[in-house]
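Participant: TrEMBL lists 293-325 with the feature region 'Disordered'. Residues or ranges marked as transmembrane segment by TrEMBL: 27-48, 60-80, 112-137, 149-171, 191-208, 229-248.
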Amino acid sequence: VPSSHSTFIYISFSTLPLWLHYRRRCNWFLCLVIGAWCEGLGLAFRLLVRSDVHSTGKYILAYLFQVLSPCAFLAANYILLGRIVSHAQRAYYLLEIRANCLRFVRPLKANWISWTFVLSDVFTFLLQAAGGSMVIIKDVKISDAGNKLFLAGIAIQAASFVIFTAMWAVFAFRIQRGDQTLWSRPGWKPLHWALGFTCIWFIIRSIFRTIELSQGFRGHLATNEIYVLCLDTLPLLIGIMAYCYFWPGKYLTPETKVESLDALQASHGEGQGDAAAWREERSAGVNLATLGKDSEGHNGTAAHNGGLDVPGVDEGSSVKSVAAR
C-alpha cells in the first residue's frame with residue numbers, strides 16, 4: 001500500500017495541469033488533466049486498502065483506476081502529435097510512402113492519425129475494463145479469462161504506443177532532412193521534443209504493467225510497492241511535469257502557425273519549397289542520385305572542352321537542355 005506522503009505529492013503536482021488549462025486553454029488536451037486526477041484517485045483508493053488488506057473489491061477498484069487512467073495520458077499524446085503536424089502544415093512528412101512499384105501516396109489528414117490511435121486506445125481501454133470486471137468474479141475459469149483479457153489489452157496498448165512513437169520520430173527525422181526552413185523555425189520543436197520525452201516514460205510504464213500483469217496479481221512486481229511507485233507512478237508524474245513546463249497552449253497559437261507550402265508558393269512564387277515541384281518529384285519517382293551523377297558528368301565534359309563549342313551540337317538546343325536540367 002502506498003504511503004500517504006507519495007499520494008499527497010502526486011495529487012499536488014496533478015493540480016498544475018488544471019491550473020495551466022484555465023490560464024492557457026487547451027480543451028483538446030483536457031484528457032491529460034482528467035487522467036492525472038484519475039491516477040491520483042487510484043492512489044487515494046489504495047490508501048483505503050490499509051484498513052482492509054483482505055478486501056479484493058477495494059484492491060481491484062484501486063488497481064483499475066491506476067491501470068486505466070494512463071489511457072488518458074496516451075490519448076493526450078495522440079492528439080498532441082496531430083495538432084503539431086497540423087500546426088506545422090507538413091502532414092506528408094508523417095505518412096510519405098515511396099516504393100519502386102508505387103507512386104507517391106497522398107497523406108492522410110493529421111487529425112485522422114490522431115483519431116486512429118485514440119480509437120485504438122479506447123478499444124484497449126474497453127478490453128482492460130472488461131478483463132478487470134471479470135477478474136473479481138469468484139468463478140476460477142472466468143477470473144483466469146479476465147486476467148488474460150486484461151493482459152491482452154495492456155499488450156495491445158503498448159504495441160500501439162510504440163508504433164505511435166516511431167511515427168513521432170519519423171516526422172522529426174524527415175523534417176530535419178528535407179525542410180531546413182521549418183526545422184530552424186522556433187516555436188514548435190520544444191513541444192515536439194517534450195512529446196517524445198513523455199513517450200519514452202510512458203513506454204517504460206506500459207512495459208512494466210505488461211510484465212506485472214503477466215505475473216498475476218500476487219506476483220513479485222504487484223506485491224512490492226517500490227516497483228509500482230518507480231515504474232508506474234513516477235513515469236506518469238514525469239510526463240505531467242514535462243507538459244507543465246512545455247504546455248501546448250503556450251506553443252500552438254494562431255500567431256505561430258506555419259504557412260502551408262501551397263500558401264508559400266502563392267505568395268512567393270517558385271523556389272526550393274515549391275509545393276508543386278515537391279509533389280511532382282515524388283509522384284514521378286525521380287532518382288536524384290542518378291541526376292546528380294549525370295550532372296557531374298556533363299559539367300566535367302564542359303570543363304574538359306574549355307567552354308568551346310562542340311561540333312555537331314546545336315547551341316540553342318544545348319542551352320535548352322541545360323535550362324531543363
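For all residues, glycine too, the Cβ spot is worked out from N, Cα and C.
Please treat TrEMBL annotations as automatic predictions, because they have not gone through curation.
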Participant: So which residues does the transmembrane segment (112-137) touch in its own chain, when a touch means Cβ under 8 Å and the partner is 6 or more beyond its ends?
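Facilitator: Cβ under 8 Å, 6 or more out: 56-57, 60, 63-64, 67-68, 71, 74-75, 78-79, 81-83, 85, 94-95, 143, 145-154, 156-157, 160, 164, 167, 217.
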Participant: With pairs restricted to those 6 or more apart in sequence, evaluate whether the transmembrane segment (229-248) and the transmembrane segment (149-171) have 3+ C-beta pairs under 8 Å.
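Facilitator: No, the transmembrane segment (229-248) does not contact the transmembrane segment (149-171).
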